Amino acid sequence: MLYLFDLLGCAIFAFSGALAAGRAKLDWLGVMIIATITAIGGGTVRDLLMNRHPIFWMQDPCYLYLTCLTGLATIAYVQYLPIPYHVLLVADALGLALFAIYGAQLAAAAGHRGIIVIVMGTMTGTAGGVIRDILSNQIPLILRKDIYASAAIVGIGIYLLLKKLKWRESWAFVAGFIAVVSLRLLALTLNWQLPVFNLR
Amino acid sequence: MLYLFDLLGCAIFAFSGALAAGRAKLDWLGVMIIATITAIGGGTVRDLLMNRHPIFWMQDPCYLYLTCLTGLATIAYVQYLPIPYHVLLVADALGLALFAIYGAQLAAAAGHRGIIVIVMGTMTGTAGGVIRDILSNQIPLILRKDIYASAAIVGIGIYLLLKKLKWRESWAFVAGFIAVVSLRLLALTLNWQLPVFNLR
Amino acid sequence: MLYLFDLLGCAIFAFSGALAAGRAKLDWLGVMIIATITAIGGGTVRDLLMNRHPIFWMQDPCYLYLTCLTGLATIAYVQYLPIPYHVLLVADALGLALFAIYGAQLAAAAGHRGIIVIVMGTMTGTAGGVIRDILSNQIPLILRKDIYASAAIVGIGIYLLLKKLKWRESWAFVAGFIAVVSLRLLALTLNWQLPVFNLR
């Protein structure tokens, strides 16, 4: 069940990566590469920092098949149908929430302190998008605007708090997940933004 | 023998890295750093992901001496002689082929599945150039055009196929190597390109 | 004592990272993230390459608290007071020197050869700044001009030489540290630069 969700999250992020690759005019292989990196980059950085080997996609190649296929499917899709930006934003919020809480769960299970759990979860949810933006030669989106990484941080905080209050793992997971999704979608709807630090 | 080829591959990639550094107007130390990263970046990422320690250049510092010297030699060379672009393209194809099949061989020897072997080999051959382009603030070349990573993928595929057909390791290696070089040079000569995904 | 210096070095680098984030108009969370990455990026790359786990900031979360707080403090500070560029340059030289010699010490203690010690120390002192520049979409400063990485390299060389001459560890440390700081500040004062490799 969680595994299926995880694959779904990968497909969503791969889709957003493939669209970014299209805007940067990459070739088909480049699209598959960017789609894959966007989807699995966050978990890879997490596994490297936490010294978890083999890296998750090296153990289970389904992830790579899925992201490459999603990249190709995206190319085919946009020839015929409009890009469903609204659906995509909701799907992306689901992917962010899932990856963030799942990454946090792994770090908590490894016995890390609260702040490390937050960093690992947030990184799992966002690092793929950061690498995608670096490869497309842009300042990473999540650093510039929007409640994105912050939604992940708050949701992981709630997950950790509920665990401390002795909630069952699965309930804390669901609550954290819902918190990230709600916060992200609320921020999009109401156009919430963090204040900007503008030096000149 | 393979070791000498490996050093040769490093020198070629260091040369291409130093030229990129010259185009970005870096200082002499920057040239040595970019030359080194271009040459050893791919193998470093591979070793980190496969949890191979010590990283190959930490065990054998010849690689670092060679790449730094190549960087300096490039600076001296271009003062007096024209850049041999045609020779460089052939040399680069040889380096790509060698690194790709060698990386694939390491991954196969570690017991990884076919798709992981392909990813590791392709990464060994191309990640250094990707990091070089990121450091020079460009969208990585291999994502934009040309049969480059794709030549590596096809060659590794042939290497794996021949191994499955019970060819001897060294013959499969040579066949894969020749496949990458031929495909890359054919693509350059005939101007083959992968189709581009252009999203406006 | 060394630990306090290490935290001080982190705070200095976090400050310089936060200023870069302000120039790139990031939001407050982005400022904290860039401040943190600038401060701990070099040590993280070093720990990954040397297979030192847990990564230093995962074991001791003080680093993360400090860098995030420094990021926020920077935002508050620049509202009311001018940026002390001259103080910052001196502070940055101290941070560079400390991180470089400390990284070198760790690599030497792990039994690595001289050139690897130099690479690890220089990387500890400079990689954070390189990642900061990549995230702000600029060609890394240290590759373009200034005696920066080169000051670290010379200082580490002196540290290694004195160790070989049987100086006590702490004295060699201090001598290397002073060498880096002096060289960096002299270079700033006298406007020393490495020659540039300008291709076209």
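The backbone N, Cα and C atoms fix where each Cβ goes, glycine too.
Here is what TrEMBL records for this protein:
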type	residues	note
DOMAIN	C:4-76	domain 'Glycine transporter'
DOMAIN	C:90-163	domain 'Glycine transporter'
TRANSMEM	C:30-50	transmembrane segment
TRANSMEM	C:62-81	transmembrane segment
TRANSMEM	C:87-108	transmembrane segment
TRANSMEM	C:115-135	transmembrane segment
TRANSMEM	C:147-162	transmembrane segment
TRANSMEM	C:171-194	transmembrane segment
Problem - Recorded stretch that, among C:62-81, C:87-108, C:115-135, has the most CB pairs under 8 Å to the transmembrane segment (C:30-50) - result: C:115-135
Problem - Among C:62-81, C:115-135, C:147-162, C:171-194, stretch most in contact with the transmembrane segment (C:87-108) (C-beta, under 8 angstroms) - result: C:115-135
Exercise for the section: Taking helix as H, G and I and strand as E and B in DSSP, count the residues of the domain 'Glycine transporter' (C:90-163) in helix, strand and coil. Expected result: 61 helix, 0 strand, 13 coil
Fill in the blank from the handout: If one takes Cβ-Cβ under 8 Å and requires six or more residues beyond its ends, the residues near the transmembrane segment (C:115-135) are 13, 16-17, 20, 34, 37-43, 45-46, 49-50, 95-97, 99-108, 141-143, 148-149, 152-153, 156-157, 160, 180
Exercise for the section: Could you tell me the mean pLDDT over the domain 'Glycine transporter' (C:90-163), as a whole number? Expected result: 89
Problem - DSSP helix/strand/coil residue counts for the domain 'Glycine transporter' (C:4-76) - result: 61 helix, 1 strand, 11 coil
